[in-house]
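This report refers to the structure that appears directly beneath it.
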Amino acid sequence: MNLLLYLLLLVPWVLGSEDGCPAKCTCDKKGFTVDCSNAGLTRIPKGISSNVRSLVLRNNRIHTLIKSDLEGFPLLESLVLTHNKIKVVEENILDHLPELKRLSLSHNLLVYIPPLASESRPLASLNLKRNHIQFIDERWLLQYFPELVQIDLSHNRIQSLRTKLFENLPSLTHAHLHANPWNCDCRVTKVKALLRKVEWERKAYCTNPVELRHQAIDEVEESLLKCAKPEEESWTGDEFKLVCTKNASSSRPVVWLYENAEVDSSSLDGYEIHDSVITVPRKTNVNQMTCTYDYEHVPHHRRLRQSHHSNGAPQFTYKPRDNSYREGSEVKVNCEVMGTPKPSITWYHNGVRFASSRKKQLGLSNNVLRIYPFLEEDSGRYTCEAVNSLGKVSHTFSLDLISSIPPNIYEGPQSVSQNIGGEVVFVCKAKGNPTPDYTWSFDGSTIGHIKGRFMVSDDGTELXISNIEKKDEGYYSCMAGNPVGAMSADAKLTVIGGETRKSSTPQIDEELLRAIAQKARQNVESAVEKTRKQLNQDKITNTNDLKRLFRFSTPKQAVELSKAREIYEESVRLVREHVEKGLILNVDELHPNNVSYESVLHVTHVQALMGLSGCHTGQFKNPCTDTCFHNKYRSFDGQCNNKNKPMNGVSLMPLRRLLKPVYENGFNTPVGWEKGKLYNGYPMPNVREVSRQLVATETITPHRKLSSMVMQWGQFVDHDLTHTVTALSRHSYATGAFCNRTCDNLDPCFNIPLSPSDPRVISESAKYPCIEFERSAAVCGSGETSLVFNRVTYREQMNALTSFLDASNVYGSNEVQAQELRDTYNNNGQLRYDITSAAGKEYLPFEKDSNMDCRRNFSEENPIRCFLAGDLRANEQLALAATHTIFVREHNRIAKKLKKMNGNWDGEVIYHETRKIIGAMMQHITFKHWLPVVFGGQEQMDKFVGKYQGYDPAIDSSVTNAFATAAFRFGHTIINPTLFRLGNDFMSIKQGHIALHKAFFTPELVLTEGGIDPLLRGLFASPLKHPMPTQLLNMELIEKLFMKGHEVSLDLAVMNIQRSRDHGLPSYTEYRQFCNLPVPARWEDMKGYIKDDMIIQKLRGLYGVPQNIDLWVGGIVEEKLENGLFGPTFACIIGEQFRKMRDGDRFWYEKDGVFTPEQMKEIKKVTLARLLCDNGDEIDRIQKDVFMYPGKEKENYGRCEDTEMMDLKAWSKCCDDVCPTMLDRILRSRHRGSRLHGCNQNGLWRPEGAKWIPPNEYCTEEAVFGAPPKKTVLTTEVHSSQRNSVLY
């Protein structure tokens, strides 16, 4: 909540019915303040009083801001347009607002900022945070704002700012520039100087170049902020031609500077730019010319002056320029036109019209031309022509070919002998165009620029090794590579003295290398020629042909000359082209090691190929050498749990398969990708129709025995075990279109079409006729990226979490995340928090620019930040956030007691011992209390999970794809449509219960509507939804899922079914066969597993045959186990997962030696009821088993003092043997504080950004909701120069 909203709260309101107050707006009596927030407006409304001083238009759908909408407001001082969809702002928009002092355009879609005024204006505060801004031109933006005090450009896409942007701003005291991908070259020197003069909220960090990444701009040495001096290539007559040698890749656009100001070829006479070459007048002082490059292409908005355009003939808004590209590269050209009626665009190459094809693809209404690969025959003159009924325009430009030369090493490293303790320098120099990059490796392992005693020079040409040891003896390889090839050279280091180092792998001498190369040439040259002919003639008909092509795209000279880039591009192109043509790959032939490069390519060169491609296998491998620590405690990412196979169960690794995947092409495309394809004679049904006809229910039946806590604990456990990583982009890789604006299957978009009879289409609530869906990200090494792992494999998906039940949802799945959650101010081993409840108990800390999933429901009036937790989904719904809060409180409660009992323990020991106890609590509650309930009894659980027989290191605990994507999602069938909120009297609180869709991503309601107690009581004192086959998912999940965050609300059933197809899960019947269950061949056979004939008829109408039923659908409709919540198929998959998760965990709480017998005795006392009693604010009544529902009357619930409590005395002086490395961990812990995002004034809570009056008040105290302030956590002085500046 910002200053404007706070001020508005101070005055009386009347509804918008009088003159000067538009409909849907609220105004004060004099019309000075007008609030049109949340009104669904698409433009500024008419009828606003000319006396208006403050105009608030937050949370609307305004997409264009034009001057005519702002005429007639001569007294307007504050304009708030946050949370709209503004993409276009007309030039000089403030010319009609002579008194405007505050302008907020945050949380919009702006990419380019035009000139805002043509004459001086008294603007004091400008907020542009959280847009998509990539370019700001100082010549217009800030030229007329001498009174500007504050500017916020944070959370945009700005790489650099022009050098004069902040000149002539004498009043500027606050500039927020963080959360931008800064390119730290000479262009940020002015930014650095500015940051030293003004105040800022958070530091701005470099993103590029790599060697400066994560360094704060204001702390970088100025000598490192470099631009390159160009080389003089030639001069003719009155012109110089200069070449920027810094640009090593055509994918990085060159930026030219003259006298430290960027050169713009569209506005400076006499300059001509072609890629990395600039032609300048001879009178130019070339000593003042420098160059650098952007790391991502800055779009055409960089030099576009946007304006409002009415009906008329076509007019170019962006014209493509002449350019040059390297052979084999991808070319993307934008030609953008506006006009009404909408113009049609036609393309010509050398005067000949062409249509979209695989080689030359046209997208986005023909606005975008893509050419891949760009070859000599593609060069020439291109014309973009736009026509409508009112006229025609055309523009012609050239695309030229740049010659490329593969690297040639002219000075290679020489073998050398050196004494122990000495120093050696290997030199490697190569020529090529583009300039080669260098990669050094030692016995197959890549050497970083600085790695211990190894150091690579800045240009990569030298490798220096100091203080040589015997283990450094071996072969060193230098590979020089550019986009068109690579070459390598090897040298041997012999270390004199000490014992002879035994090589782990046999070494190949020069004679053997020559023999291998000769044989390889004989075998490969003829095979390559043959396969190229097959490629040209489209004769690839089976997997073996494809495998031969993969192998023979390797280089002719296997040792001396390795064209790594050619291998990669040729192979990927081959996969893409022939899979697109319909090639079917047999899974049995593809997995696991059937297409190896190693027979013709040295392992060091394979390593180099992987490095150059940028593709790595998830986690960096921990050597697990810290045996003291790893014997006592878990790592955060799961590594070193299994000493024999340390990557088992680790985060950021592929999900495990129970059955081979089913992809339409056998490789990577999901079932349903190709429209109309038949399976067993029938097309697969539209998943939305399955949801509507079979899964959705408007009525629910309460469970007679179980409480809603069963559902909530299941979700909490799931978020400790599984989180499938989805595609990073919402844009189609092929066309660049947003996934929510296309219904075509274009990676990563796999959207679900809506039928004409769909209620969303009929009601016109769907802006686009499909539900948005992005595919899960593929693990590098599968699908398209598999080639750099020396084999072709089918697509696999990644689990971002550890597969162990280890409380990673409390502590995080990596060490960086864990440090974010710790209180490192005090050496007390506690978790961090920012505010407390009225009972003095901690709430979750607020996130601060983290990766928490927080699609905020910003229609609410209390926009606090989201909570931070070990799992990024903690804000997903209110009851989940309350459960997370319980465990933060329990950790800190235990940590305080351990500290009191063991005064000699430091914070690191307290933290890890407490974390170990919390993990054991989760394991005990899950296996002893929760799993027997969902399986329908201990006997059923023992049948499917089995009893614990001890740790088995041969077991892989990794989560299975079927478990994460289908089986464990049975929990969606037991979710109530309402979150109950009950007070101490077990009646509804005054704010009432809350519909589920209103509980999504609304963490502010935890703080403002009763805290966590009502939510927790609503879980253990309300009945679970019964998962009846005819009542599966409630309508809150089918029609209103995350409806505030999406233009088309999601459908959870649709997500589940589509995700299982995306992951290639086989059908329901195949998993029944895997589980040794009877497999239905006909619909009549289904009656043994599904009792309701109507459900069988619906399945038959949707799927045609039983063999087509999706796993999740079949699993939720089959007959349940007696007293259980799922049927035998899901019981098989879930039981297998929990059994392996337990038996393959070296730190399982029941394993001998993990806890002492005395400690185990106490852990067995743990119940979730006790945790709720200890950590709720005022929970004093509860049933002993919170998963059972005793009824709604208060008398059915016993007192907390009657529940058994764990005695922590068993941990007194238990763990004094501290590992030495734990002291290092304390020192490495990042010292971070907790900033409160708000303040307290006269006992009243003021949210972040609110202005307080009278002047000189300070934000000094923590706000304790529902009680007076408790402690001082923040002091913020308000200087006189700040009082008129506002943070929105």
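Cβ coordinates are placed from backbone N, Cα and C, and glycine is handled just like the others.
Features as listed in Swiss-Prot:
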type: SIGNAL; residues: 1-16; note: signal peptide
type: DOMAIN; residues: 17-51; note: domain 'LRRNT'
type: REPEAT; residues: 145-168; note: repeat 'LRR 6'
type: DOMAIN; residues: 180-228; note: domain 'LRRCT'
type: DOMAIN; residues: 314-400; note: domain 'Ig-like C2-type 1'
type: REPEAT; residues: 356-381; note: repeat 'LRR 8'
type: REPEAT; residues: 387-412; note: repeat 'LRR 9'
type: DOMAIN; residues: 407-494; note: domain 'Ig-like C2-type 2'
type: BINDING; residues: D718, E876, H972; note: heme b binding site
type: ACT_SITE; residues: H719; note: active site, proton acceptor
type: REPEAT; residues: 998-1022; note: repeat 'LRR 10'
If you measure H972 (heme b binding site) to H719 (active site, proton acceptor) at Cα, how many Å is it?
14
For heme b, whose listed binding residues are D718, E876, H972, the greatest C-alpha pairwise distance in Å:
14
Three-state secondary structure, E876 (heme b binding site) (per DSSP):
coil
Cβ within 8 Å of the mean position of the Cβ atoms of D718, E876, H972: remaining residues of the chain near heme b:
G714, Q715, H719, R873, R969, G971
In this predicted model, what is the average pLDDT of the repeat 'LRR 8' (356-381)?
82
Across all chains shown, how many C-beta atoms besides its own are within 10 angstroms of the C-beta of H719 (active site, proton acceptor)?
23
Helix, strand or coil: which one is H972 (heme b binding site) in, per DSSP?
helix
Secondary structure composition of the repeat 'LRR 9' (387-412) [DSSP: H/G/I, E/B, coil]:
0 helix, 21 strand, 5 coil
In the repeat 'LRR 10' (998-1022), how many residues does DSSP call helix, how many strand, and how many coil?
14 helix, 1 strand, 10 coil
Under a three-state reduction of DSSP output, how is H719 (active site, proton acceptor) classified: helix, strand, or coil?
helix
